Amino acid sequence: MALNNSYLHVFTCYSKLLKDYHEISMIYNKKKTLGAVASALVKQKLAQVILKKQKAVLERTNSNPLSSPSVAYRLETALITAHSCLSAHAHRLMCFSSDFKIKVFYSSPSSSSTPVSGCSSPNDSLPNENGVLPATATLVIASGPHKPLSRTRSEPLPQSPRVLHPHLLQQQQHSAQLLERLKQQTHLGKLMSKSSEKPRLRQIPSEDMDSEEVGPSVGDAHQGRVRAESQRELESQEEQLNLQHTLILNQQLQHLRRQTAHMETLAVPMMLGAAHRPLSRTQSSPASTSLTLPDKALPLTTAQEPPQSQPRFTTGLVYDSQMLKHQCTCGDNSSHPEHAGRIQSIWSRLQERGLRGQCESIRGRKATLEELQSVHTERHVLLYGTNPLNRLKLDNRKLAGILSQRMFVMLPCGGVGVDNDTIWNEMHTSTASRLAAGSVTELAFRVAKGELKNGFAVVRPPGHHADPSNPMGFCFFNSVAIAAKQLQQKLSASKILIVDWDVHHGNGTQEIFYNDPSVLYISLHRYDNGNFFPGSGGPAEVGSGAGEGFNVNVAWTGGLEPPMGDAEYLAAFRMVVMPIAQEFSPDVVLVSSGFDAAEGHPAPLGGYRVTAKCFGFLTRQLMALAGGRVVLALEGGHDLTAICDASEACVSALLGLEEPLPESTLLQTPNANGVLSLQRVLQIQSQYWPSLKPLMGTVGMSFLGAQRKDCEETDTVNAMASLSVGVLTNKSLADEPMEHDEDSL
């Protein structure tokens, strides 16, 4: 309804303007004969009427509901149309200015609405690029010279209508089209053709002007009165539209400025006007490659992520809470030695001791099916590496045949297992097992590439018992073996050392690399002539084919009378592990770091008495190999205190924190069963590793005792060498006179 009223008002104004046009034309024609010019009295009365009208219009505008943004926006088209019509007729009336001294002022949308105020911007008086007058026209009839008025507003405006809201530009184009249709309907074209014959005024400069009185006017009083009344009506109608239009445009400009200021706070390059270029996009945008970017585009600072700190060259730790979900469905951990509390306790201990803060924590990941199949058969991977959710993505026909071969056992606790020891959780076991394998592989890659100095993987379930086609001993996928295979295939690691100090033999790891000379596997485990789980790992198992001599089993025998401890493990490292490893010269060292040989485990789970500090000492020994590229991966170990202490000691060693062993431990000699076990290993492995032969006479010595003997032997050798050099020197000196005598003869 408001819009219809506005259109009616516009057309009423237009009709009155036509009437005024005809009346002024008649005055012009009559002026040719009478030479009428408005008198000073008429001009004074006209100015008073205009001021009164202005006040009335301002009051109506302030109380006018059209001033609200919502209504103003809807009526914008009607107002702009009226503005265009009135401006066009004002332009036509300029044709008579040579005789009537008509001055046309163009007021910008944000300028004052008073008739005597002019442009607020230097360019407002210029037509825009399309030839349309840029703003409303205000007509003041004056005669004679004039002088400029002071500006009523100092607020600068954009120099071109192009900077206004795009919707306003569309509305102005629409109003121009509507004006053309009105011209055709009212035969305005004929009037325009007639008026075009009249002389046109030169362009009015963009100055504010006032109404200074000039000389007396001559003319008919009646015609002057008619002209003044017509002009007053025209001024009143024009001024009302001008004010309303100004309010609308001011609101639009304020909204545009707020939007521009907001964009500037976001550092978005915003270019207004015709020279438009596409905004720059962040590099992560999918469309960034298809856009032509500006030469110097400002970055979208709010889209940038905070800079991430570069990984430190330190010890890496990997852990993932999803591995905790691998639990027996019975819900009772007391009957399951391999439970989630193992890794949870270790992770908490490392935090409590402040070691996690000194390390670089990396995110674990699931091993891919392809990575798993680098070690295990496809059947094994599909059986134990998938759950009901991700099986939907696989080939149902192949998977259906494999799943039909699944064999599970009912455990005494009421849960389900793949054997009497190894529990199976249909929803979570596959994910936890793949996370363990993938996390160890990821950590090994970071260390091998030099991104990290070394690392420790807090993972479960363990893996060294898993062979290519069978899970067993709490293990499903052989994490360390998979990491070694990936290092070979993707990083071209030529020589990899795997040290396994879990109390149980890593039968799966041995089988996987039994024929591979590029992977040296050394295991220290309780053997007892094959009577301890898993029963494999005798000293005579040395590898086969090309891998013969690259499988070393330090197989402890003799049971627990007495149990093996620090002295035996130190002797094994001194006489077997380190000499062979140094001769092999590996690129990377991977450790199957089971802690079930640590003191605190009952006989069925180990029964040995290796201290936590000894595990730290063994770690420091291995750090002398492969440029320090050592990765430990948790295997067994079920006494929470023992495995937390041992893990803390190993991580401290990796960080370079010294934890020296007591001298009493270093002076302790291995027990008799330990000596017999080591002698058997040396006898077999010395065929493949010449560095072992000189050590066979020191088997029964303590760690410090053997070092002292080595020092004594070294001193003796050096002394003998220096003595030999001295004898040779004296002999040469004694021979010189004889040679001289012979020469003299």
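Note that Cβ sites are derived from N, Cα and C of the backbone, with glycine treated the same way.
Unlike curated records, TrEMBL annotations are generated automatically.
Counting every protein chain shown, the Cβ of H465 (active site) has 28 other Cβ atoms within 10 Å. The active site annotation in TrEMBL covers H465.
What TrEMBL lists as Zn(2+) binding site is C328, C330, H336, C413. Less than 8 angstroms from the CB of C328 (Zn(2+) binding site) sit H336, L411, C413, G415, G417, I423, N425, each of them six or more residues away in the same chain.
TrEMBL lists 336-654 with the feature domain 'Histone deacetylase'. The predicted model assigns the domain 'Histone deacetylase' (336-654) a mean pLDDT of 96.
According to TrEMBL, the region 'Disordered' annotation covers 191-224.
Other Cβ atoms within 10 Å of the Cβ of H638 (site 'Contributes to catalysis'), summed over all protein chains shown, number 22. Taken from TrEMBL, the feature site 'Contributes to catalysis' covers H638.
Each residue in Q327, T329, G331, D332, N333, S335, L411, G414, G415, I423 lies on the same chain as C328, C330, H336, C413 and has a C-beta within 8 Å of the C-beta centroid of that Zn(2+) site, without being one of the site residues. Same-chain residues at least 6 positions away in sequence with a Cβ under 8 Å from that of C330 (Zn(2+) binding site) are, in sequence order, L411, C413, G414, G415. Counting in whole angstrom, H465 (active site) lies 16 from H638 (site 'Contributes to catalysis') by their C-alpha atoms.
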